[in-house]
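Listed in TrEMBL:
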{"type": "DOMAIN", "residues": "1-172", "note": "domain 'Callose synthase helical'"}
{"type": "DOMAIN", "residues": "179-267", "note": "domain 'Glycosyl transferase 48'"}
{"type": "DOMAIN", "residues": "268-872", "note": "domain 'Glycosyl transferase 48'"}
{"type": "TRANSMEM", "residues": "623-645", "note": "transmembrane segment"}
{"type": "TRANSMEM", "residues": "794-816", "note": "transmembrane segment"}
{"type": "TRANSMEM", "residues": "871-888", "note": "transmembrane segment"}
{"type": "TRANSMEM", "residues": "900-920", "note": "transmembrane segment"}
{"type": "TRANSMEM", "residues": "941-961", "note": "transmembrane segment"}
{"type": "TRANSMEM", "residues": "967-985", "note": "transmembrane segment"}
{"type": "TRANSMEM", "residues": "1005-1025", "note": "transmembrane segment"}
Amino acid sequence: MAKDFKGKEDADLFKKIKSEYYMHYAVLEAYETVRDIIYGLLEDESDKRIVREICYEVDVSIQQHRFLSEFRMTGMPLLSDKIEKFLKILLSDFEEDEAYKSQIINVLQDIIEIITQDVMVNGQEILERAHFQSGDIESDKKEQRFEKINLFLTQNASWREKVVRVLLLVTVKESAINIPQNLEARRRMTFFANSLFMNMPDAPRVRDMLSFSVLTPYYKEDVLYSEDELNKENEDGISILFYLQRIYPEEWSNYSERLYDSKRNFNEKDKAEQLRQWVSYRGQTLSRTVRGMMYYRMALELQCFQEYCENATHGGELPLESNVDDQKAFMDRARALADLKFTYVVSCQVYGNQKKSSDSRDRSCYNNILQLMLKYPSLRVAYIDEREEPVNGKSQKVFYSVLLKGCDKLDEEIYRIKLPGPPTEIGEGKPENQNHAIIFTRGEALQTIDMNQDNYFEEAFKMRNVLREFDEGRRGKRNPTILGLREHIFTGSVSSLAWFMSNQETSFVTIGQRVLANPLRVRFHYGHPDIFDRIFHITRGGISKASKIINLSEDIFAGYNSTLRGGYITHHEYIQAGKGRDVGMNQISFFEAKVANGNGEQTLSRDVYRLGRRFDFYRMLSFYFTTVGFYFSSMITVLTVYVFLYGRLYLVLSGLEREILNSATVHQSKALEEALAAQSVFQLGFLMVLPMVMEIGLEKGFRTALGDFIIMQLQLASVFFTFQLGTKAHYFGRTILHGGSKYRATGRGFVVFHAKFAENYRLYSRSHFVKGLELVMLLVVYQVYGNSYRSSSLYIYITFSMWFLVCSWLFAPFIFNPSGFEWQKTVDDWTDWKRWMGNRGGIGIVLDKSWESWWDTEQEHLKHTNLRGRVLEILLALRFLLYQYGIVYHLNIARRNTTFLVYGLSWAFLLSVLLVLKMVSMGRRNFGTDFQVMFRILKALLFLGFLAVMTILFVVCGLTISDLFSSILAFLPTGWAILLIGQALRSVLKGLGFWDSIKELGRAYEYIMGLVIFTPIAVLSWFPFVSEFQTRLLFNQAFSRGLQISMILAGKKDKETPSSSK
């Protein structure tokens, strides 16, 4: 900067330096640190006198505004290079002290020579004056100067840290070898550096900062992986350790280097423990969360220790030769103050039961939690203790909230508070788990952290700054009650699905919440690492509501509660926490279903009603469209497709379409219709990914954002988001119609696995497959009987988005299923599905073992719904009767007869077919294995009767082949309508004895749907390149990093893979 400066006034140069706050202090720190380093190395007083006089000239020239006239800026680059070389030599390791000393002396003499000859205008006068004062004029000036240096200083660890820091400050061009290869390390360093230039409050002293607590609810998730879990192989032959070695090769290499460092001397037991920690810190485990949160205490200790040192030296630095006892005293005081300012409570709801349990997994969780308490002495664990105690002479169950700490290899009880009853049975599990432990937190602020979150050491240093946001009246604004923080999704590095979810979640927790907070002012609490004003919330109902069912999404109700009681919620981007997300298709769908159910319950809650009544008009609209309105709009989007197609179906089958097409006004609007239809194609899916594109553009540049957008489309992101649209609409609509939402455990595993066809069918049958096949029927009928746009490209524009929706709903689970088109797995899936369909249900038979058990579970909502829900189910099922009513009049056998007799005969034919099927079913059940001959005779008679009827219909009545296919289109929906009505009237049909017939009809339809969906998958599985293409599609992120995904999917382990002991 000084070399390129063209001005002649000191004021202009220093104005340029001070224009950037951090640049100014970096220059000051570099100057003062280099001066202290050189001064500390020198032992000769005359050499020290030269350094003092040079620094004196610099300071005086700056004060008197003649720096540019006394110093030449052209020599600065050469001086900078020499200083950088000097610092590198100080950090280098030489085997011989003499060679090391010689290198330091030579570079130091060159630095002084450059300063006095090339930089300073009157530098020679300083040297001459120094030699005159020392009486050494006759000797060689250069050789006798700066030869006495203190080499012992170079071995001091804190002094070397100072050299490293100043080297980083003066290094202009980074060497490629110094840039971390790990992408996560680069990201963290980049964000931390960028965040320092954001607007944030100044940090107070540790003793003056607000004290705060962190609360994490825990149930039965993984704490620390055991050695058996690390090496246990799944059905594809993949272990967790093998997977992580392939996914994180650089981190595995770094870990191996640390493990075999001769200075550490790890024994075999330590190596095994280090390996467990290395793996657990890359999963979504409690140990990872606890380690991240305890960084707060480490940061406070370091900051407090630094403050004590500054106080002891009156603002300077602690001398290197200071007493070790003084430093220990400072550290003890720092730890004590850090404990006063920070508390971490993990609410382990079933810790007491795990302690008493004989189950190996429960015992492992208990031991691992105990080890965490011993490793982190300031960690506290709260749990609900259930005891049998005598009450009025009778033994009763009594419940306590208990707080523990680790002490002498055991847990030690600190507090025990009696509860009025079992909290987790009264309300939802997770919020009650938080509520019972909140009494053990301390301080003015409370941060809520989920089990799948992490924290970073460098971010922990900013906690003092964040807590300053609570200061009342700061910058003339209201005192906030919830501080929203941004997150980094750390699970988006490998698969395409994880990348999609990471981008979607990142856009929400950054640009989304930023806009919600300001200017919309409708940001709430979303289960993220938000910081609560603890005093405000603990006196106003706590940080989460826990009523059964209605508070399924308990987090957002904390935001509703805060806003309704006059709170103010902000969002801040200069600090972040890590968060894990589900990475598999089924886990993501479980999560979306849970959120959709929660939003359905929110719609029915009084909190939403009160907020809607009290907000002004614009804030009310913002609130609506950013909460329940988003899901309601998603449901309306799907319903619009149904309304459009059923309207078309009515027009086509009733004959009104032909009359409308003959109108002249229709032909006049063709151009407008084509323009609007073409526009809709470009809008398809774009608005869903627009926030992601904007956020990526802001953080990484719009060229990168455009590239990522194109790659996402090539990886079928639109298919994924269209599929999730169906998930939102189904579960939100069912909750509105019937209620009864429940918590869905999503699982947090990270090994790539193949989901079987039966598993996908169970999960998506009602939410996607049934609806997708219904749309197929509508589109086929529209194509067969419709006349409009038959010969124009407008038909493609109109139906393209609908066919895209159908394909997404029917086949997205298989497209995004690893090894979904591998032939052998396809064969195994079909065998497994047939076995599942054929198994009988009953008491104790789980739903993944029998179709009947699953079928009964799918109707659970109808068992508990009210009369209104049953009536609505029946009314919605009546839409399927429209197919039969319209199509039978278009059959050739009807001969254009439009009387009601045709419709009545079609029902007679349908009931006859159902009666025949019932006879076959009863014959199989009644005759059984003892009367096989009678059963075969019955089937032969029925078959002969069927042939006779069909012959008469073809020969006498004029039935055609096209009529057969049309009849399938007509009667299949009618049978489905009968099935749906029968399920809604289950209790009535059971009393009449028809329930078994409904069950068999349902089984037949499941077979048909499974066959229709499975056939395209089986055909594509014949071609090996389809499986290879799918693997590349799913794991493009990994391929771009050179990862061996094919080995992971195939389960082919390299025999030379390091063993677990490594």
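All residue numbers here begin at 1 and follow the chain in the order shown.
Backbone N, Cα and C define each Cβ position, glycine as well.
Unlike curated entries, TrEMBL annotations are predicted automatically.
What you are looking at is a predicted structure, and each value in this text was computed from that prediction instead of being measured.
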Selection from 871-888, 900-920, 941-961, 967-985, 1005-1025, the stretch that has most Cβ pairs under 8 A to the transmembrane segment (794-816): 1005-1025
Long-range Cβ neighbours of the transmembrane segment (900-920) (under 8 Å; 6 or more residues past either end): 884-885, 888-889, 894, 938-939, 942, 946, 970-971, 974-975, 997, 1000-1001, 1004
Segment-segment contact (the transmembrane segment (967-985); the transmembrane segment (623-645)) at 3 or more Cβ pairs under 8 Å: no
Residues in the domain 'Glycosyl transferase 48' (179-267) grouped by DSSP into helix, strand and remaining coil: 40 helix, 7 strand, 42 coil
